[in-house]
């Protein structure tokens, strides 16, 4: 009996969701430019205006530009897998749906649960950032009033005072979503255009008013600024000075945190059903969005660290204070207007996407079924909107978002890794159900994927993830010993590389799906594997506290999904399927 129960539960964990075609496809009206505007508007939010200052001050200094470069390279590799999925599966649901139809239920839940975490924290952090910027504009009267009113001693993991302004902003947008209000493509373009103009102004100002000496600061400069400052507690650490003040470990940690800044480009994939030509516009939209965002992040972080010594950067309002530092007092109001437009656009995009993901998971039985209820009049998932908005509002009220950035980055890196893994499996998906024997693992007879070749790829892919994880841990914990020829660690690293190479060759030799697509991931299977390795290596750079928070979040999700998955949910989901199709996978 126990064996049968365990077997049935194991089957549910690896069950893949059959892709169903809707009887009526939503009206398509988004072209490539609309998708790029949506992606850029969702991505260039709190990350560019707030996170840049925090990274430069305490983690990387002027080398923040390298952090964004490393994060962008890894993100581009993952985005190529997103782009192929968008071309193959033009359906709403983003990474959650992609994983469900290719890998199975367990990985799909992990993806969806971490995306919910990312969206909730992103919503609360953007609301917090909006509150910081607006409060700074009116002379910090809101924060002073709240601190005087709520002077209770807050625990260390909470903010100094509850931010009711951020709570009210989240609840306002939640109410608008319940009423069926959503941003149009035109309004999103306007917000994004203003934001882009302001960011261009910041970049040009940095190169005009910047000083290259700020990229090679010394202890004498730090001592001089300390003696000139009346509030030495506001100064950040000097580190070792120069361009890389916190060594390359700071760059790696900063790059892992920078993944938070790129959260948002996957919102393009959620509009697959509304795109005019999804197999072409989604890949183009994702790649153009990432390229634009990287250029902006690189230019803005360079501008900020050129205008102000990194240890003098104001973490909560870096750019307005930077213009005050260089004597351009009036420019800070231009920056504040752009900041508010960017944060509003980002907040609208996140609050629209998050309830749809929750509703999709609830329909599939991976969350409480009541969250999937849609109001007959407005056509909106009211329960999902209220639940997500309430949770995001509470977090915006109590938590300081920079303390949760690492937690979001872990979830984002995990999502990107599983998408890359699915992209690797998808390219080898079986074309036919016929059972054909393989002559050998590295020299198969068939040129068309079969069930046997698919099973080989699945097994090898998960083995590679294990090997890459072990290699990342070895390189992260004992890098100097590995490269100095340690008699134990160096042979272990070499053996792991040989095993990874051998398993990669086995995957490479398996037949690939011949289905013609406008876009496919290049350099298979090397590029997805490099993406997975970079993501895992950056994940192990996170602090133990961030991993503890991540573990708590996953335990909460495990309890939720254990109560949600029932045979009746699975049966009802199966009965709702309209038409199953394998044409997307060749």
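In case you wondered, yes, glycine gets a Cβ from its N, Cα and C as well.
Among the features that TrEMBL reports, transmembrane segment is placed at 28-51 (among others).
Marked as transmembrane segment by TrEMBL: 95-122 (among others).
Summarising the annotation, TrEMBL assigns transmembrane segment to 161-179 (among others).
The feature transmembrane segment is assigned by TrEMBL to 186-208 (among others). Counting residues 6+ beyond its ends, the transmembrane segment (186-208) has Cβ neighbours under 8 Å at 34, 37-38, 40-41, 44, 48, 296, 299-300, 302-304, 306-307, 319, 323, 326, 328, 331, 334-335, 337-339, 341-342, 344-345, 348-349 in the same chain.
Sequence-distant neighbours of the transmembrane segment (250-270) (same chain, 6+ residues past either end, Cβ-Cβ under 8 Å): 35, 38-39, 42-45, 47-48, 51-52, 55, 59-61, 63-64, 66-68, 70-72, 74-75, 79, 82, 85-86, 92-95, 98, 118, 122, 239, 244, 282, 285-286, 289-290, 293, 297, 346, 349-350, 353, 356-357, 405-406, 408-409, 412-413, 416, 537-539, 541-542. Here TrEMBL flags 250-270 (among others) as transmembrane segment.
Residues or ranges marked as transmembrane segment in TrEMBL: 282-313 (among others).
According to TrEMBL, the transmembrane segment annotation covers 333-359 (among others).
Tertiary neighbourhood of the transmembrane segment (380-401): same-chain residues 46, 50, 116, 119-121, 123-125, 127-129, 157-159, 162-164, 166-167, 169-171, 173-174, 177-180, 351, 354-356, 358-359, 362, 370-374, selected by CB-CB distance under 8 Å and a gap of 6+ residues from either end. According to TrEMBL, the feature transmembrane segment maps to 380-401 (among others).
Residues annotated as transmembrane segment in TrEMBL: 407-426 (among others). Nonlocal intrachain contacts for the transmembrane segment (407-426), taken as residues 6+ away from its ends with a CB within less than 8 angstroms of a stretch CB, comprise 74-75, 77-78, 80-82, 84-85, 88, 95, 98-99, 102-103, 107, 110-111, 114-115, 117-118, 121-122, 256-260, 262-263, 454, 457-458, 461-462, 465, 507, 513, 521, 524-525, 528-529, 531-532, 535-536, 538-539, 542, 546-547, 549-550, 553, 585.
The transmembrane segment annotation in TrEMBL covers 456-478 (among others).
Annotation comment: TrEMBL describes 490-509 (among others) as transmembrane segment.
The average per-residue pLDDT of the prediction over the domain 'Cationic amino acid transporter C-terminal' (519-557) is 81, rounded to a whole number. The domain 'Cationic amino acid transporter C-terminal' annotation in TrEMBL covers 519-557.
Annotation source TrEMBL lists transmembrane segment at 521-540 (among others).
Sequence-distant contacts of the transmembrane segment (161-179), counting only residues of its own chain at least 6 positions beyond either end whose CB sits under 8 Å from a CB of the stretch, comprise 123-124, 127-128, 130-131, 134-135, 142-143, 146-147, 150, 154, 347-348, 351-352, 355, 378, 380, 382, 385-386, 388-390, 392-394, 396-398. Counting Cβ pairs under 8 Å that are 6 or more residues apart, the transmembrane segment (95-122) and the transmembrane segment (333-359) reach 3 or more and are in contact.
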